[in-house]
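Per TrEMBL, the features are:
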- 548-558: compositional bias 'Basic residues' (COMPBIAS)
- 560-581: compositional bias 'Basic and acidic residues' (COMPBIAS)
- 612-636: compositional bias 'Low complexity' (COMPBIAS)
- 652-668: compositional bias 'Basic residues' (COMPBIAS)
- 527-584: domain 'Signal recognition particle SRP72 subunit RNA-binding' (DOMAIN)
- 536-668: region 'Disordered' (REGION)
- 222-255: repeat 'TPR' (REPEAT)
Amino acid sequence: MASGGISVASLWTEVNRCGQNGDFTRALKALTKILQENRDDVTAVHCKIVCLVQNGGFKEALNVMNTHSKLLGSEVVFEKAYCEYRLNRVENALKTIESAPEQTDKLKELYGQVLYRMERYNDCKSVYTDLIRNSQDEYEEERKTNLSAVVASMSQWEEAPLEDLGLPESTYELCYNAACALIGQGQLTEALSKLQEAEELCRVSLADDSDVTEEDIDSELAVIHSQMAYVMQLQGRTDEALQLYNQVIKLKPSDVGLLAVTANNIITINKDQNVFDSKKKVKLTNAEGVEYKLAKKQLQAIDFNKSLLAMYTNQAEQCRKLASSLQSQNPGHPRPVLIQVAQLCREKQHSRAIELLQQFSDQHPESASGIKLTMAQLYLIQGHVTKACDVLRSIEEFKHKSGMISALVTMYSHEEDIDSAIEVFKQGIEHYQSKQPGSAAHLALVREAANFKLKYGRKKEAISDLEQLWKQNTNDIHTLAQLISAYSLVDTDKAKSLSKHLPSAETMALNVDVDELENSHGANYVRKKAAKVIGENLPKEQSQGEIKKKKKKKKGKLPKNCDPKATPDQERWLPMRERSYYRGKKKGKKKDTIGKGTQGATAGASAELDASKTASSPPTSPRPGSASGSSTAPASNVVPPRQQKPAASGATRKKVPQKKKKGGKGGW
């Protein structure tokens, strides 16, 4: 009897019933009571571990297993490995599985999952291939789906050739994985059509379930849409890709890995534009658990983009910190160094950037080709062309490429260092002579070297190249002509002997009627023959029909109102102020003096209204003994100034409407 009067048998009955109903919390309570009666009950401990795993209590389950490790022995190897796997202790899970005395099917399934998480794809493929071959149950389709995911990862992250394992594409998961494998091979058009097929299969399979809503379907399709957007982005259809990416972000799927990848791809489309949106999207890449959902290369790409975004947002210290962290994690990868160099170039520290590149190329010569190209570019920016050429010539991987030889010859020619340019041609020809003698690239390089030497007057040095070309093809008349021309300045006898190999003039002549060709309908220019002049003997120089006609001089036009009889002014070509009769402009005279004098008065009336200047001006006051009202003097016709009406007052003058100023307040 257990405590409380309940028998152990009834407790086991309850555990069995709860296990069938999926009520593992209630089953745990019954198991706890059983273990109180018997702590060493192996079955009860094992059942307790299973219930904890079903409820997601992986840490508690591990604690129980470690506490009863001697009691349990190897009975709970699968449960222990599974808990370690779910707690992202992948290496511990691998050791637990490999230490198991017997590899059961469920341990092999878990072993495949662990190997996939550790990105050991070849071993994982072998495990799933063996499981599919040696087992037949209802989980066969899931195993095939996992195997197709392994093949897709090998194609994408290891650039392995695509292997046909005969996997069907009956479900949307299998179809999606096949599309991912095609993306890894660069077959973007085929991958996009395969993704569209996966979308249709997903809609059909989920539409049959009545419990699935439209939102559930969109959530399930989010990963397919994100991958479709990625293919469009690779194809250069960035607008369509951005629209699909934003649709996925709006759905807010529960998969943090999907959200992180989608946000990262949006950041790559934005680049140095729309930085505010990129700063919001970068938060999605920092979600908890992202590092366990993505591959190492995906996490690396996200970290690179974070450092670039810090550079674009002028966060110099943050950019350096992220780039240094990336360099410590990937010491041989050139990209962290290039990011630091880009930041230094933004700060105009080109010398420091070159030192950093040189340091990396010395430490990691195996991956220094891209670094040295960047170093040469920085030297060119500073105007050090010769130093840039020295750096380019030190890249063994590209040293004898046609493009590299062309760039070096162009830069040396710009610096007028013809000897170094010829040396570059010489080294390239020697390389092709030993590796690919007589190939098209070899002969093309020899011809370019000969043309270059002839252009700069090095005919003696061009002779050997031309002879080599002519020996390869003795029917090449153009090369033979160049060789004869070069020998004519060095060895005339040799030039004469070679000229015997030239074809005769008759064989080289074209059977073309020149007159008919010039007078044809499509001719742009027809040569006019001079008419014969009868009775005159033409000189020998003009006997070929090349009579020159004298052009008639046109009479100059005279200006208007010109008197042809009058003698022209001798100083007419001089500027006006330099002529002898120039007196300068008269200054200070104005037509009107409006505004001076009494208000309202005009210039003409001001003198008349000045009573002090008139001879017969009446006295300002009447004489004694005379009345002011009986004055017999004639009345003056002059109107006083204050009684005059102005010609046009300010009130009656028409105002010119002013144009409204453009712009808002404070406009110019």
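Positions of Cβ are set from backbone N, Cα and C atoms, glycine also.
DSSP labels the residues of the compositional bias 'Basic and acidic residues' (560-581) in these numbers: 3 helix, 0 strand, 19 coil. Helix, strand and coil residue tallies for the repeat 'TPR' (222-255), in that order: 27 helix, 0 strand, 7 coil [DSSP]. Per-residue pLDDT, averaged along the repeat 'TPR' (222-255), amounts to 93 for this model.
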